[in-house]
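Undergrad: For reference, the structure I am asking about is given below.
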Amino acid sequence: MKLGIFFSVFFLAMIHSCLSETNEDKNLESYFREDDLKALSFGEYARAMMAESRKDNCIPKHHECTSRPKDCCKQNLMQFKCSCMTIIDKNNKETERCKCDNSIFQKVAKTSVNIGKAVVTK
């Protein structure tokens with residue numbers, strides 16, 4: 001029973017992740033004409049999406065994104081999120097620092113996959 005609940009929650013989380021679109025996913029279609037999109041196979045379209053997501057102006061994982069919080073790169077199917085924290089230095093001055101990292105949902109999904117793999121392989 002517990003295993004069934006676990007996999008149903010995991011399945012719903014993966015469906016949610018796959019169906020959620022970012023603005024970049026919607027804007028990708030503007031780079032291609034409609035005829036080009038019809039002519040591309042799924043593999044070619046996926047490669048084009050990955051090439052577009054690796055553009056030079058995106059911020060890689062664990063790099064600072066304080067000035068550009070929406071420019072974090074994508075990795076595989078998931079977009080990094082800019083997570084911020086307040087840091088107090090030696091002079092008791094508060095500054096906000098941000099870095100591109102996986103969101104909480106992505107961390108939970110990745111952990112669920114790892115646990116699922118461990119359960120299946122045993």
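Glycine too: its Cβ is placed from the backbone N, Cα and C atoms.
Per Swiss-Prot, the features are:
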DISULFID  Cys58-Cys73  disulfide bond
DISULFID  Cys65-Cys82  disulfide bond
DISULFID  Cys72-Cys100  disulfide bond
DISULFID  Cys84-Cys98  disulfide bond
SIGNAL    1-20  signal peptide
Undergrad: So, in DSSP terms, is Cys72 (disulfide bond) helix, strand, or coil?
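TA: The three-state answer is strand.
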Undergrad: Measuring Cα to Cα, tell me the gap between Cys82 (disulfide bond) and Cys73 (disulfide bond) in whole angstrom.
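TA: Cα-Cα distance, Cys82 (disulfide bond) to Cys73 (disulfide bond): 10 Å.
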Undergrad: Disulfide-bonded residues Cys58, Cys65, Cys72, Cys73, Cys100: which have a Cα within 10 Å of Cys84 (disulfide bond)?
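TA: Close disulfide-bonded residues: Cys65, Cys100.
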Undergrad: Quick check on the disulfide-bonded residues Cys65, Cys73, Cys82, Cys98: which one has the highest count of other Cβ atoms within 10 Å of its Cβ?
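TA: Answer by Cβ density within 10 Å: Cys65.
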Undergrad: For a quick check of understanding: among the disulfide-bonded residues Cys72, Cys84, which residue's Cβ has the most other Cβ atoms within 10 Å?
TA: Cys72
Undergrad: Relative to the Cβ position of Cys100 (disulfide bond), how many further Cβ atoms are located within 10 Å?
TA: 23
Undergrad: Could you round the CA separation between Cys65 (disulfide bond) and Cys58 (disulfide bond) to a whole angstrom and send it over?
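TA: Rounded to the nearest whole number, the Cα-Cα distance is 10 Å.
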Undergrad: Using the alpha carbons only, what distance in Å do you get between Cys98 (disulfide bond) and Cys72 (disulfide bond) once rounded?
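TA: That comes out at 11 Å between the alpha carbons.
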Undergrad: Would you count the other C-beta atoms found within 10 angstroms of the C-beta of Cys58 (disulfide bond) for me?
TA: 20
Undergrad: Give the distance between the Cα atoms of Cys73 (disulfide bond) and Cys100 (disulfide bond), rounded to the nearest whole Å.
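TA: Cys100 (disulfide bond) has its Cα 8 Å from the Cα of Cys73 (disulfide bond).
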